[in-house]
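The structure appears below as structure tokens.
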Amino acid sequence: MINITTSFPNKTAAAFHKHVTGSEVASAMFPEIAGSIVALFVDGNLQDLATPISKDGSVDPVTIESNTGMDIIRHDAAHIMARAVREIFPDTKLAIGPTIENGFYYDFDLSHSLSEKDFEAIERKMSDIIAKDERFVREVWPRERAIKFFEDLGEHYKLEILSKVPLGEEITVYKHGEFVDLCRGPHAPSARYVKAFKLTKISGAYWLGDQKNKMLQRVYGTAWHSSEALASYIHNMQEAEKRDHRKIAKDLGWFHIQNEALGQVFWHDKGWVIYRIIEEYIRCKLKKHGYLEVKTPIMLDRKLWEKSGHWEKFKENMFVVEDDKKELAIKPMNCPCHVQIFKSKIRSYKELPIRMAEFGMCHRNEPSGSLYGLMRVRGFTQDDAHIFCTHEQVRDEVLRFYELLMEVYKDFGFDSVTVKLSDRPENRIGSDEIWDRSEQSLMEPMNALGVQYTINKGEGAFYGPKLEFTLKDSIGREWQCGTVQLDFVLPDRLGAYYIGEDGKKHIPVIIHRAVLGTIERFIGILIEHYAGNIPAWLAPVQLEILTVSGEVAEYARDLAEMASQENVRVELNAAEENISHKIRKAIFNKVPIVWVVGKSEAGDRCVSVRRYGSGETCRMAAGKALKTLLTCVSMR
């Protein structure tokens with residue numbers, strides 16, 4: 001007999017015969033939810049319900065509605081789609097079919113050029129396969145059998161994958177009816193757990209992401225635990241498409257990106273206004289919270305990057321140039337530069353903490369296929385800062401940073417923020433005592449403030465734990481922006497020290513921290529969060545004055561001057577155009593406040609006020625309208 005324990009929903013234990021299946025354990029220990037369980041965590045490892053459990057251990061259920069459960073049924077759907085495509089197009093060769101956020105894809109090599117017109121036939125075939133409700137069966141094969149099987153099928157992509165599996169490592173396949181795929185799993189017990197699915201798009205993808213390899217056809221899809229969940233997801237995706245920051249910015253003339261500078265932004269005048277407002281806003285917050293703003297070089301000698309460790313771990317993502325036979329790298333991050341400023345003179349413990357901030361222009365050689373508007377670029381500005389402090393000061397610095405972070409997010413209109421703590425990985429440096437203290441330094445401020453957080457077990461960097469802060473936007477999408485990362489390694493590698501109270505040299509802790517992440521990406525998030533209708537305090541044009549006729553142009557110019565003197569960003573449209581056309585144009589440009597001026601308004605020294613999103617017009621004395629406007633544009 002073996003003993004199985006669980007902590008779900010309360011700590012319990014039960015005895016089972018040796019080699020009991022996960023399905024039997026699920027039925028016995030979790031009878032109320034057994035029908036929705038698709039897999040188990042056994043001693044922290046995910047496995048399917050058919051796999052035997054042969055020793056004492058702990059289990060936790062994975063339900064279909066959970067994130068892990070959804071990932072499993074999307075994996076099922078990827079296999080079902082591959083089976084369907086091969087049944088429709090028998091010459092299909094299979095490459096890879098992983099899950100991704102909210103979905104899955106599979107890469108195919110076939111003579112037929114797939115298009116969205118094929119989706120109906122593929123989805124119908126998938127539905128037929130699901131209706132059979134055949135089981136997913138895991139088998140462990142000898143390497144020779146696997147090679148022979150895929151050779152006979154001419155599946156050269158699978159053979160290439162097999163060739164990279166280390167000798168001695170277990171090779172597993174999953175059978176589904178007559179369909180067999182090389183796969184680690186796990187899968188749900190059978191196809192019926194794929195309750196709702198939809199194919200979404202097609203793209204090209206080089207095998208293994210290498211442009212030297214063949215271009216394959218990648219079919220994307222999504223799968224959910226219910227038709228209602230699928231419908232909700234599709235609605236959100238349609239809403240997200242309407243909010244696409246690239247389209248909105250193009251319509252409004254805020255920025256563009258072109259092939260001659262992939263991953264780099266051409267900011268137009270109005271977009272640059274938004275950028276500078278955000279930068280200045282953060283600058284004021286930094287000053288208030290005791291940061292020193294610095295500026296460091298954009299390009300540094302290879303030797304510094306070797307010392308910092310970035311050359312070894314990050315070289316592929318760095319842009320490297322040669323000058324007088326020296327290799328220089330355009331900086332992908334600011335931290336080594338800030339250490340140079342810290343160590344430019346002897347520091348005393350009395351100076352700590354030193355909070356050093358920079359709007360640092362960084363560059364990373366991201367793959368061209370991963371670039372996406374402002375969300376993933378090659379050239380970007382980090383709202384980056386590094387706090388040099390003692391171990392004893394970390395807790396208070398994290399507390400102060402959290403207060404700053406929440407002030408900023410609230411001002412930008414984000415109320416839902418989740419926190420994750422990534423703790424010590426298996427491969428790490430530093431003693432357990434240092435890690436204990438460091439993790440406590442991150443947890444204690446959150447506990448003191450009553451902030452709930454989840455733990456990403458083992459996901460910290462080798463040089464220290466971190467907190468990640470994730471925003472939820474207006475349509476429920478999550479965006480990880482803020483970070484607090486402790487670092488014991490970099491100051492030591494680069495020779496940073498301070499003189500302690502004991503008169504000896506001590507290595508400071510560096511806290512890497514960011515609020516927005518990058519300004520570019522944060523602007524993209526803002527555009528999509530507000531669907532382009534950004535708050536008046538951020539709007540590049542806060543007020544537009546529209547004339548009904550040329551007779552009131554002088555009065556309109558006086559109004560524009562009056563608003564401009566109060567630092568309102570104002571534009572005057574006195575063109576000889578129909579007023580309805582002018583209003584439609586202002587609405588299209590998402591101007592927060594519009595003043596319409598005709599003969600009547602000029603005679604009474606009034607304006608007719610229109611707010612974006614409201615079809616109503618309110619007549620108001622010019623002075624009162626300005627006062628109301630100033631209140632509106634100052635609200636955060």
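Yeah, the Cβs are placed from backbone N, Cα and C, and that goes for glycine too.
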Further Zn(2+) ligand in Swiss-Prot, beside His386, His512, within candidate set Cys284, Cys335, Cys606, Cys618: Cys335
Candidates Cys335, His386, His512: member of the binding-site residues with the richest Cβ shell (10 Å): His386
For the domain 'TGS' (1-63), residues assigned helix / strand / coil by DSSP: 11 helix, 30 strand, 22 coil
8 Å Cβ shell about Cys335, His386, His512 centroid, Zn(2+) site members excluded: Met333, Asn334, His338, Asp384, Ala385, Gln485, Asp487, Leu490, Ile510, Ile511, Arg513
Coarse DSSP state, helix versus strand versus coil, of Cys335 (Zn(2+) binding site): helix
Model confidence over the region 'Catalytic' (244-535), averaged pLDDT: 92
For His512 (Zn(2+) binding site), the three-state class that DSSP assigns: strand
